[in-house]
Amino acid sequence: MNPQAKLIFTISLLLGTTITISSNHWIMAWAGLEINTLAILPLISKSHHPRSIEAATKYFITQATASALVLFSSMTNAWYTGQWDITQLTHPTSCLILTSALAMKLGLVPFHFWFPEVLQGSQLTTGLLLSTVMKLPPVSLLFMTSHSLNPTLLTCMAILSTALGGWMGLNQTQIRKILAFSSISHLGWMTIIISYNPKLTLLNFYLYMLMTTAVFLTLNTIKASKLPTLTTTWTKSPALNAMLLLTLLSLAGLPPLTGFLPKWLIIQELTKQGMTTAAVSISLLSLLGLFFYLRLAYCSTITLPPHTTNHIKQWHTNKPTHSSIALLTTMSTALLPISPLITTII
């Protein structure tokens, strides 16, 4: 892709995200979402492979439908209450439509079908944008309207997302699809707590962005997209693969790594709110996700899986790891000791 075109699309992505996050009016938020969608489409389809074109088409249809629902929800609310302010969403029908629209934007169950397919058809760098930056505007809208949305509906969607994200990722061999189902599972954790403590949702999202960025950049460096490929990369950069192991375990939420912090705080808050059943359910369902993270970690660092196929080992490289990957992987594994500072900030 032409560097000037790539620069324009990247600036448009940042502009759309900033407009949505900083807006108070529904029309401005909708315009930001549309700019975002139109800017990411060329980046998804830039390889000109049929799978990429298919992914871009699926993404466009889904996001256009979700944006239309956002507009319809805000117009319904304005019709009944005369308010276009995002925080003044009070009409029950508008709240229900908005919940569906944002679930479709984010890829929450039952509107999750597009996300694994789109991520599989994209390159790793575009997949990183889809998993992190593109989720920031819908999460910010969810944050601003959290007091108006139905907590029971959100809890049901969250538990289903965690269950399905863990269950569907078990038999995958494509790393991008595994990371897509991982994203759906993490979104369940963010959604279940947003009605009770929205700041915890933001903390979970920021830490998820941090860990996912570290994983995607590491996979992009070692050029791995399938599990069989991942089994041969330990010869290329052993230190980077060792850090990938820790980052994956952190993404799974194992103590004493960074990913344990949001899960710990969310379970604590759910227990305070008297939602012990929901806390136990979502904790047990996250064990499904732990299985495929351990599978990824096993394939990347510990040993080769038992099979008879001869794989070509990659050459060891002395090229130094990029400083951004080093910083991100360190933060993805070592932030738990400063959790008291993080909790005072939020």
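Every residue gets a Cβ built from N, Cα and C, even glycine.
Range annotated as transmembrane segment by TrEMBL, chosen from 26-44, 178-196: 178-196. Panel annotation: around the transmembrane segment (56-76), residues 26-27, 29-30, 33-34, 37, 40-41, 44-45, 84, 89, 91, 93-95, 97-98, 100-102, 104-105, 111, 114, 117-118, 121, 130, 141 of the same chain, lying at least six beyond its termini, place a Cβ under 8 Å from a Cβ of the stretch. Counting C-beta pairs under 8 angstroms (sequence separation of 6 or more), the transmembrane segment (274-294) fails to reach the transmembrane segment (96-115), with fewer than 3 such pairs. Counting Cβ pairs under 8 Å to the transmembrane segment (243-262), the stretch among 96-115, 152-171, 178-196, 202-222 with the most such contacts is 202-222. Residues belonging to the domain 'NADH dehydrogenase subunit 2 C-terminal' (290-342) score a mean pLDDT of 78 in the model. Sequence-distant neighbours of the transmembrane segment (96-115) (same chain, 6+ residues past either end, Cβ-Cβ under 8 Å): 33, 58-59, 62-63, 65-67, 69-70, 72-74, 76, 89, 130, 135, 137-139, 141-142, 145, 149-150, 153-154, 157-158, 160-161, 164-165, 180, 183-184, 187-188, 191. Residues 124-125, 127-128, 131-132, 135-136, 139, 143, 175, 179, 182-183, 186, 189-190, 193, 230, 233, 236-237, 240-241, 243-244, 247-248, 250-251, 258-259, 261-262, 265-266, 321-322, 324-325, 328-329, 331-332, 335, 342, 346 of the same chain sit 6 or more residues outside the transmembrane segment (202-222) yet have a Cβ under 8 Å from a Cβ within it.
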